[in-house]
Every structure is written in C-alpha cells, then in structure tokens.
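The following features are taken from TrEMBL:
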TRANSMEM  13-33  transmembrane segment
TRANSMEM  99-118  transmembrane segment
TRANSMEM  138-165  transmembrane segment
TRANSMEM  186-213  transmembrane segment
TRANSMEM  328-349  transmembrane segment
TRANSMEM  369-387  transmembrane segment
TRANSMEM  407-430  transmembrane segment
TRANSMEM  451-475  transmembrane segment
TRANSMEM  481-503  transmembrane segment
TRANSMEM  547-569  transmembrane segment
TRANSMEM  575-593  transmembrane segment
TRANSMEM  646-666  transmembrane segment
Amino acid sequence: MGSSILPDLGAEILIPVCAVIGIVFSLVQWLLVSKVKLSPGRDSGSPGNNGAGGKSGYSDYLIEEEEGLNDHNVVIKCAEIQTAISEGATSFLFTEYQYVGIFMVAFAILIFLFLGSVEGFSTKSQPCTYDKSKMCKPALATAIFSTVSFLLGAVTSVVSGFLGMKIATYANARTTLEARKGVGKAFITAFRSGAVMGFLLAANGLLVLYIAINLFKLYYGDDWGGLFEAITGYGLGGSSMALFGRVGGGIYTKAADVGADLVGKVERNIPEDDPRNPAVIADNVGDNVGDIAGMGSDLFGSYAESSCAALVVASISSFGINHELTPMLYPLIISSVGIIVCLITTLFATDFFEIKAVKEIEPSLKRQLIISTVLMTIGIGIVSWVALPSSFTIFNFGDQKAVKNWQLFLCVAVGLWAGLIIGFVTEYYTSNAYCPVQDVADSCRTGAATNVIFGLALGYKSCIIPIFAIAMSIFVSFSFAAMYGIAVAALGMLSTIATGLAIDAYGPISDNAGGIAEMAGMSHRIRERTDALDAAGNTTAAIGKGFAIGSAALVSLALFGAFVSRAAISTVDVLTPKVFIGLLVGAMLPYWFSAMTMKSVGSAALKMVEEVRRQFNTIPGLMEGTAKPDYATCVKISTDASIKEMIPPGALVMLTPLIVGIFFGVETLSGVLAGSLVSGVQIAISASNTGGAWDNAKKYIEAGASEHARTLGPKGSEPHKAAVIGDTIGDPLKDTSGPSLNILIKLMAVESL
C-alpha cells in the first residue's frame, strides 16, 4: 500500500495555516478598500494623493469638475445613499435570520430525535455499520454530534453571507467615487471587496470544518466512520441556511427590481436608479441581499457538502480503516491549496496588470478564471503526489476498489476543468460581446414577443455543452474512483472558490456603484464607466451561477452515492414501479419549486408597483424632483413579502425527503433524488442563462457601443422597451428560481443521507 510522503503533522499544520493566510489576506484587501475616504476631506487632500491638500490636489485626479456640482456635495450624497442601502440590507438580514433561527432550532431538534431514536436513545456501544466485529460509539452520540455540526454549519453559512453583505455595502459608494479617477481604479476597488468576501468565506469554511473534526476526534478516537458521519451535519446546516438566504433574498431583490422597472422605466420614462423612484433603495438593497448574501451561503453550502461527502466515503475506505490521517484529509488539503492559488491569482488582477480601458474589464475577469484553473491543476498534482499513498482502495457499493494516486488527481482535475468549460459557455451565451445576445437584442425590433421567444431558445440551447461537461466529469471520475471520485471532482470545481466568489461579488458591487452614481447626480461620463463595470459584472454573475449549478450537480450525485451506499442499496432499478414513480415525482419537484418562487416574485412585485404608483400620484412635486419619495415603505414591502413567501418553498424542499422516506421507503426516495437532480440541473442552467441574456441584451441596446446597437435606438425607443420587458421577465428566472434550484438538488440529497 505504501504511505503518503507528507507526514500527518504536516497536514495538521498546512490546513489551518492556509486558512489563516486566507483570512489575513482578506483583511489586507479590506484595509486597501477602506483607504478610499467617504468623508469629504478639504484639508487632508483628496483620496489618492494624501496630504497634497487644497484645491490643487484635486485637479490631477478628477476628470473635470462635476458640471456645476461641487465635489464636496457629491461625496456627502454618496455616503448618505450608501448608509441607506447598508441599513436596509442589515435590517432585512436580521429579520430574516430571526425567522431562520427559529427554523434552525426546530430542525436541529428534529435531527436529534430522528438520529437518536434509531437505537431508542441507547448509550451503549453498538457494532459498527461496516465492520460488525468492532464496537462503535452509541447512536445517542452520533445524534448529539450531528446536531452540533448542523448548527455549526448553519451559523458559519449565515455569518459568511452577512459578512459578504457588509463588505459589499461598504464598498459600493467607494467604487463610485473611484470611478471619477478612471475605470481601472473603480475596477480594483470593486474587485478587492469581492476578494474580501471570497477569501473570508473559503478560509472560514475550511477552518471551522477542520476545528470541528479535531474536536470530535477527542471523543470518537479511532471510530472514524462514526466521526465523519456526524460531520455530514455541517453540510446540511450550510445548505439549509443557504436555501432561505437564496429564496428570501431572491424574492426581495426581484420584487423591488421589477416594481422599480415597470413603473419607472416603462410608465414614467425616467432612467434606471433615478432618485425620484421610490423603489430604488429597495432595489439596491436587494442586489446585496440576494446576490451577495445568498450566493455566499450557497457556494459555502456546496463547498461544505462536497467536503463532507468525500470524507464520509473516505472514512470507510482504506484511509479510514488504516487510520491514515493525511490521505483522509485530502479533500481539506485541496481546499487549502486552493486558497493559496486564488491568492496568487487575485494579485494578477489587482497588482500585476492595471486596467486602462473599458474593453479590458471582461478579459481581465476571464483571465482570473484561466490563471486560477491552470495554477490549481499544478497544485492538485503536487498534493496528490505528496498527500496520497501510491495505491489505495476506495469503498464502492460493498466492495473495495483499488485506485492509484494519479487516477485521483485526474478526478479532481476533470472537475476543475469542467467548471472552467461551464464558466466559458455561460459567458458565451450571456455576454453582449458575442452573437447569441446580439441576436436576442436584434429580435427586439419586432417587439417583446420575439425577444421572449429568442431568449427562451437561447436558454434551452445553453444547456447542451454544460451538461456534456458534467456528464464527462462524472464518467471519468466514477470509473476511476467510484463515488469518492465524484465527490473530489465536485471539490475540484469548487477549489478555486475564492476567485469564483470574488468575480461573483464584483457584479452586485459595481451594479450598486452605478445606482449610487445615478442617484448622486454624477456626470454622464462616470455613469458610463460604472455601466461598463456593471455589464461585465452581469456576465460574471452568470458565470458564478454556472459554477454553482455544475458543482451542485456533482455534489448531489456524490451525496446520492453516499446515501445509496449508506442505505445498502447496491443498484437502483428503474424498472421497479416504486423507483419509477419516484423518478417522475422527483423530476416534477423543480417545476413545483420554480412555480412557487416565480409566483412569489410576481405577487410581491404587484404590491410594489401599486405602492410606487401611489407615491407618484399622491406626493406633489415628486416627478419634478422637489419632494422626496418615501423609500422606507418600499423597503418594508419587499422585506415582508420575502419573509412570508420564503417559507412554503423551503418547507417543500425540507419535508419531501422525510415524507417520501417514511411512507414509501428508501427505493422510492432514491428515485425522487435522481429525478430531481436530472430535471433540476436543466431548468437551473436554462433559467439563469435566459435571464442573463435578456439583461445584457437590454444593456447592449442602452450602451449603443456598436453600429448595430445604435440602430436599435437610444433608451426609450420601441426596441429598447421590448428589451426592458424581456429583462423584467428574466429577473425572477435568473435571480430567484434558477439559483435556488441548485440548493434544492443538494439539500434533498444531503438530508436523505
């Protein structure tokens, strides 16, 4: 068998050290962002040339004095708007977490009761599941420890979402102010703040998991099977919080967005993010709540679950049986190397290359993906060579399968590159630099109906290559290393999570920066810069969603495998009626779930539209800009709607596995899981790409960067109105239903496990 090159102590030091480096790096980035001052300093000199003082200090840096507006007022106004957005987001998240907290406690009690009642709460040792000759820890212990790790995962997930939101609301006005000095400066500010979130999340997730394993080991000692089974609760906690964050945040952001767009842009003909529009603060709050807090929790959930799935399978393979610590922690070592790789990659965007022009933004973000993937491939190679024995066995449905370490390296690498392919395909279908989106924009000439038809077709078509990529990685990794291979492939896809999240969080931050520029009444040139940042951000957000969906598919398959081997089913036979009805019902669940979330957005948006209309009609002087709108009412409408509406979809996901498992047995449940996985992935990819394409088709027409775009007319032309309608339909698709589906897939699998 041979042992690994890296000694156990090395692994025990490497993992926490990498995690701490990640946290330190994110704090450094945060300090760099906070150097941009939000208080207008007359004497201290302008930000960027500290101490030069006086008026002369400004002249080098600002493009020109804001027409008629002096600089002082703009900074104050930006700070005010930022405070409003930050307060709105914080109050929403606190309200949401109160409800989620109640749910968390209830579910923790349920887990405890279900797991404890297996042996009638016995405190006696029981024979091990896989090796009857040895004695293992009692069921009560597993119940207690699983509940603890569930709560740990949930809290980590909530905290990572919250921190991300705080950083984003901290950075948005700073990005706006930096845009006065040039697009490169603004890009670096937005990207750095995204990196803060990415690294905090990756490092925290790793550190908490590592500490939990070591603490549980004090009790479990040599019973590694029981230990890692108790750790699965961590993934469940992470994902169940992510579900509520994603659904609640998604409903919030889209109710505000659709309401603001329909009344503002279509009826009243005022630009997006106009301060006269009562729903605009709610809209900007929504970007942070849905895209940042939701996305953070979501990717954290995937990350925790793929680690847990890999650890569970490894604990019953030769690593776990022979108690080889370093190979056992292989999934964690991959993640810790990933943090270091992403750190180097981030420096490429912020320090090695400076962005000079607008057209360099998207290539620079794409370079991030390529660099991190290439470096990570090298990293995985080294880790596989150092941390794994040259040959070992992996548990495969009852027997042990012999695997070489280079085969495991290929499993991880295949997941990593599949992620990159999915990212690039998504980008091709949603970026307005390529023909798919330009075709959609072109179809707006003949009205909204053709726009909708083209957009839907684009979404369905964009499923083809990602599905093949996922299928290939499943085939390769399963044939090499069974279920463990799939779990580490998912980890490979998520190993560059810090870079992925940085790119992803960059989108909403630059979106908000544009909104603040418009509300503070900054000059047209600044708005153009923030729009360019924002259009790139839209595409990168779609790439992030692609990653999330791809990894969710692999993760849930790995969890499905763990569930099947744990429930001792060696084959799932589709021809038995029990399984087949499970497949049918499972395939229907994503549709039911999407229907719930879409309808919630629709009804919340309806309330919002009525409120916005009421304010325009009853507040005298609102259209003229002499009276201030009542922003708070709109924020309240969004908050109430999303809290109320996130419960039913959440309940659907959480209760299905319990009900099916208890009443119809394990075979039917395995059918339901397979069905929901198969149909959920398709809907999720097509929904988020359709929405992204519509959004960018609208941006393409608005920016008027090419000859073709200019023939489609300025803002307010008929094609532009058709594009706005498409964008409004796409909003709930790309930001509520699509992204929540990948949580549905994972959550049901991990809960069944």
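The count begins at 1 with the first shown residue.
Yeah, the Cβs are placed from backbone N, Cα and C, and that goes for glycine too.
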Beyond the flanks of the transmembrane segment (407-430) by at least 6 residues, Cβ under 8 Å: 330, 334, 366, 369-370, 373, 376-377, 380-381, 384-385, 388, 436-437, 458, 461-462, 465-466, 469-470, 472-473, 476-477, 480-481, 484-486, 488-496, 538-539, 542-543, 545-547, 549-551, 554, 689, 692-693, 696
For the transmembrane segment (481-503): best-contacting stretch of 13-33, 138-165, 369-387, 451-475, 646-666, by Cβ pairs under 8 Å: 369-387
Stretch-level contact, the transmembrane segment (547-569) and the transmembrane segment (575-593), CB cutoff 8 A, at least 3 pairs: no
Other parts of the chain folded back onto the transmembrane segment (575-593), taken as Cβ under 8 Å at six or more residues beyond its ends: 649, 652-653, 656, 660, 664-665, 667-680, 683-684, 737, 740-741, 744-745, 748
